[in-house]
Amino acid sequence: MMDQILGTNFTYEGAKEVARGLEGFSAKLAVGYIATIFGLKYYMKDRKAFDLSTPLNIWNGILSTFSLLGFLFTFPTLLSVIRKDGFSHTYSHVSELYTDSTSGYWIFLWVISKIPELLDTVFIVLRKRPLIFMHWYHHALTGYYALVCYHEDAVHMVWVVWMNYIIHAFMYGYYLLKSLKVPIPPSVAQAITTSQMVQFAVAIFAQVHVSYKHYVEGVEGLAYSFRGTAIGFFMLTTYFYLWIQFYKEHYLKNGGKKYNLAKDQAKTQTKKAN
């Protein structure tokens, strides 16, 4: 297992075996994750919030850097496959995106990274910040989806992976700057949320198209998994719905929560200056 995770002897087939072996653990981990965060939330109810500024800044910096590297190591291969074999080939056939020792390894790392990313929620709970359904739901589900799709060759996931990498590079960088009290306009957060919805829409399109090619056109030899596609379609459509609701609440309704908060903070700073 460790030779695949560390990349010392990476092979796509070997990495798939690791993912297959982790599937059952991931399902149990999701249940344990939900129980843990709500147990911690109850424990913290009458206790003072932890500051955790330094470890949080380090965490956000690590995830932003990791995500940027993941994008840089996968995107050139994605462009190469599109130029050589066409756009649909990326989500309908196993290509060097998955088998290449660099791109393939970083796609595998993305799959594995969904496990440590669960720590995001621990920071939220221990700092007594609002814990919304959208947050813990997507953390609980994504890891299992990633492992199933990876070892069953449901390669539509590549459009989740590389877009998620670049979005997370900006998102965790944004969190880091916010934690450091750097003033950032709400439009940046809005752009990140918009890009996440675009990511879901593109991945849903890839799933629908490869399913059409498989069932309607009867194309043989596709990298298609009914289970991976079913889990993915359920996951991505529910994410898309939740993110739309979040977008409306925070950026559109009554001026948008984030924009109103920014205005209030600007007024407070003006009063202090006077």
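Note that Cβ sites are derived from N, Cα and C of the backbone, with glycine treated the same way.
Database features (Swiss-Prot):
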TOPO_DOM  1-23  topological domain 'Extracellular'
TRANSMEM  24-44  transmembrane segment
TOPO_DOM  45-61  topological domain 'Cytoplasmic'
TRANSMEM  62-82  transmembrane segment
TOPO_DOM  83-105  topological domain 'Extracellular'
TRANSMEM  106-126  transmembrane segment
TRANSMEM  130-150  transmembrane segment
TOPO_DOM  151-156  topological domain 'Extracellular'
TRANSMEM  157-177  transmembrane segment
TOPO_DOM  178-187  topological domain 'Cytoplasmic'
TRANSMEM  188-208  transmembrane segment
TOPO_DOM  209-227  topological domain 'Extracellular'
TRANSMEM  228-248  transmembrane segment
TOPO_DOM  249-274  topological domain 'Cytoplasmic'
Two-stretch contact, the transmembrane segment (24-44) and the transmembrane segment (228-248), at least three Cβ pairs under 8 Å: no
For the transmembrane segment (62-82): best-contacting stretch of 106-126, 130-150, 228-248, by Cβ pairs under 8 Å: 106-126
For the topological domain 'Extracellular' (83-105), sequence-distant contacts whose Cβ falls under 8 Å of one of its Cβ atoms, 6 or more beyond its ends: 7, 10, 12, 15, 73-74, 76-77, 153, 155-156, 158-159, 206-207, 209-210, 213, 219, 221-224
Residue distribution over DSSP helix, strand and coil in the topological domain 'Extracellular' (1-23): 17 helix, 0 strand, 6 coil
Maximum Cβ pairs under 8 Å to the transmembrane segment (157-177) - stretch from the list 106-126, 130-150, 188-208, 228-248: 188-208
Chain residues outside the topological domain 'Extracellular' (209-227) and at least six past its termini with a C-beta under 8 angstroms from it: 88, 91-94, 148-149, 152-156
The transmembrane segment (188-208) vs the transmembrane segment (130-150): 3 or more CB pairs under 8 Å: no
Tertiary contacts of the topological domain 'Cytoplasmic' (45-61), as residues 6+ beyond its ends and Cβ separation under 8 Å: 119-120, 123, 126-128, 172-173, 175-176, 179-180
Chain residues outside the topological domain 'Extracellular' (151-156) and at least six past its termini with a C-beta under 8 angstroms from it: 16-17, 19-20, 23, 90-95, 97-98, 203, 206-207, 210, 223-225, 227-229, 232
Sequence-remote partners of the topological domain 'Extracellular' (1-23) [C-beta within less than 8 Å, at least six residues beyond its ends]: 94, 98-99, 101, 104-105, 108-109, 111-112, 144, 146-148, 150-151, 153
